[in-house]
Structure formats: C-alpha cells, structure tokens
C-alpha cells in the first residue's frame, strides 16, 4: 500500500511539474501576457507549486533511502515542515489572485489592494510562510529528533500553526470570490436600467458570457481548494479533539500525498489553460514556433485578458 501511494505521488508530482513548466515557459516568453497582472500572479503561483513538487520529490528520495540515522530524521522532518510552508504560500498566492480579480471590478483600482498584490508582497508572503515552517520545525525538535512518521504532521503544533491558518485562507478565498461574483452581477444589473445603443447591447451580452464563464471557473477554484484542504484539516482536528492515536498511518499518507497535491495540479488548468489567449500562445509555442509574431498580431484585440 505504501509503495502504491508513493508511486501515485510521484506520477502526480511529475504531471504537476510538467503543467507548471509549460505555464512558466509561456508566461515568461510572451511579452503581451507578462503585461497582465493576473497572469503574473498565476506565474508566481506556478513557481510556488513547482517548489512544492521538488520538495515532494526530495522527500520521496529520503523515504526510499530509509536510513535510520539522526541526520536522516532531521532532514525528513525539516522537508515535511517546508512542504507545509510551501502549501501555505501557494494558498496565499491563490488568495492574491482573488484580490487582484476583486480589484479589477473597481473602476479605479484601490491602492491598498495593488500594494498587497505587488511583487514585494508576493516575496514577503513566501518568506513569511517558510519562516513559520522553520519555527515549527525548531519547536518540534526541542526534545531531539523524532521518527520520520506521517503521523508527526498531525500534531497539535501543526494544527494551530498550519492547518487552521490554511483553512482560514481558504475561507478568505471563498469570501473574496463571492464578493467578486456579487460585484459582477451587480454591475450587470446597473447596466440593465440604462438605455443602451445596439453596440452597447452587444458589449453587454459579451460581458454576460464572460461573467457566466468566470462564475464556473471560480466555482472550480473553490471546490478544488476545499477538496485539497478540508480532508487534512478534519483529520488533524479529529486527532486533537478526541486525543486519539487510532488514525492509521495509511490514511495520513493518503491525505498528505494525494489530496494536498490536487490544488497545485489543477491550478494551471484553472488559472491558465482556461484563458483563451494563453491557449493560443501555448499552441503557438509548442506547434507553430515560427508564427508567434503573426499570431500575436492577429489576436491582439485588447490589452485585457479574460477568463474564457
């Protein structure tokens, strides 16, 4: 069972790195896409998820080597906590994308929201989440090294320093996107009360289509985030409330190696592959490398990139 789970984990991580590699390549080589803040934040999310994949690979190597020395135990425990820090960082990146979409619904962008989603902010949140992970690692090893057991990631320390903050971030993501959808619907209702010309009606219909597609995409984001985070949070909370060790190591391994990877695997599909202009650039880069400039010229109808 253990070997099957680790093989499945390796397949998921490999797929995740492939997806995010394509995402980062297209985002960094297309000047037009780099001008859109939404896609820049998506690229940062891909970088964070790629770091998560590399950490999982290193952890798998340590597990397969299975040495019993103190150095191995410290390394294994350290990488487990760093994985937790990177997961928290990726959730924060997702929240930043939510905030950026919220800011886009205002006629004039809010300065505080622009600052929160700035490059300096992205770097700060990444460092902060890993500082929390390192602090948690230090507290976990006060009494000396502990075995590299998956159950050691379901302790009370992990509950209050990782699982509850991650759950709060997911709630913030859901709330933020709820506000985004509400503001989009409200803006449509405002337009309905005004007299419109034929061209305005056409623009309104196009906007309504984009709104429906946005709602579907946002629903997928919420669903994937919940499926990825809730199982582990419920598992750790159950262990804390009932103070029981009856939780099997296999269940913990499945949650840590399968469910937590769902969000980073689906991220490039939701945030990038659903963007029409990105798909055009991806086909251009992979299949018709010599026609990049022609495609850019023929499809550049707007400076805004919409989810489709």
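Using N, Cα and C of the backbone, Cβ positions are placed for all residues, glycine too.
Look at TrEMBL and you will find 6-26 (among others) tagged as transmembrane segment.
Annotated domain 'G-protein coupled receptors family 1 profile' per TrEMBL: 19-271, in sequence order.
Within the same chain, residues 9-10, 13, 16-17, 20-21, 23-24, 27-28, 79, 82-83, 86-87, 89-90, 93-94, 96-97, 100-101, 104, 117, 122, 126, 257, 261, 264, 267-268, 271-272, 275, 278, 305 sit at least 6 positions outside the transmembrane segment (38-58) and bring their C-beta atoms closer than 8 Å to a C-beta of that stretch. The annotation transmembrane segment is assigned in TrEMBL to 38-58 (among others).
Under the heading transmembrane segment, TrEMBL lists 78-99 (among others). Sequence-remote contacts of a segment are chain residues at least 6 beyond its ends whose Cβ falls under 8 Å from one of its Cβ atoms, and for the transmembrane segment (78-99) they are 38, 41-42, 44-45, 48-49, 51-52, 55-56, 58-59, 62, 113, 116-117, 121-122, 125-126, 129-134, 136-137, 140, 148, 152-153, 158, 162, 165-166, 169-170, 172-173, 176-177, 180, 221, 225, 229, 260, 263-264, 267, 271.
Long-range Cβ contacts of the transmembrane segment (111-139) within its own chain (Cβ-Cβ under 8 Å, at least 6 residues beyond either end) map to 37, 41, 44, 48, 77-78, 81-82, 84-86, 88-89, 92-93, 96, 99-100, 102-103, 157-158, 161-162. Marked as transmembrane segment by TrEMBL: 111-139 (among others).
Annotation comment: TrEMBL describes 159-182 (among others) as transmembrane segment. Sequence-distant contacts of the transmembrane segment (159-182), counting only residues of its own chain at least 6 positions beyond either end whose CB sits under 8 Å from a CB of the stretch, comprise 84, 87-88, 91-92, 94-95, 98-99, 101-102, 105, 132-133, 135-136, 214-215, 218, 221-222, 225-226, 229-230, 232-233, 236-237, 240.
Look at TrEMBL and you will find 215-241 (among others) tagged as transmembrane segment. Through the fold, the transmembrane segment (215-241) approaches residues 91, 94, 154, 156, 158-159, 163-164, 166-167, 170, 173-174, 177, 180-181, 184, 247, 251-252, 255-256, 259-263, 266, 270, 274, 307 of its own chain, all at least 6 residues removed from its boundaries and within a Cβ separation under 8 Å.
Residues annotated as transmembrane segment in TrEMBL: 253-273 (among others). Counting residues 6+ beyond its ends, the transmembrane segment (253-273) has Cβ neighbours under 8 Å at 2, 5-6, 8-9, 12-13, 15-16, 19-20, 22-23, 26-27, 39, 42, 45-46, 49, 52-53, 56, 87, 90-91, 94, 97, 150, 153, 217, 220-221, 224-225, 227-229, 231-232, 235, 279, 282 in the same chain.
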Summarise the model confidence on the domain 'G-protein coupled receptors family 1 profile' (19-271) as a single mean pLDDT, whole number.
80
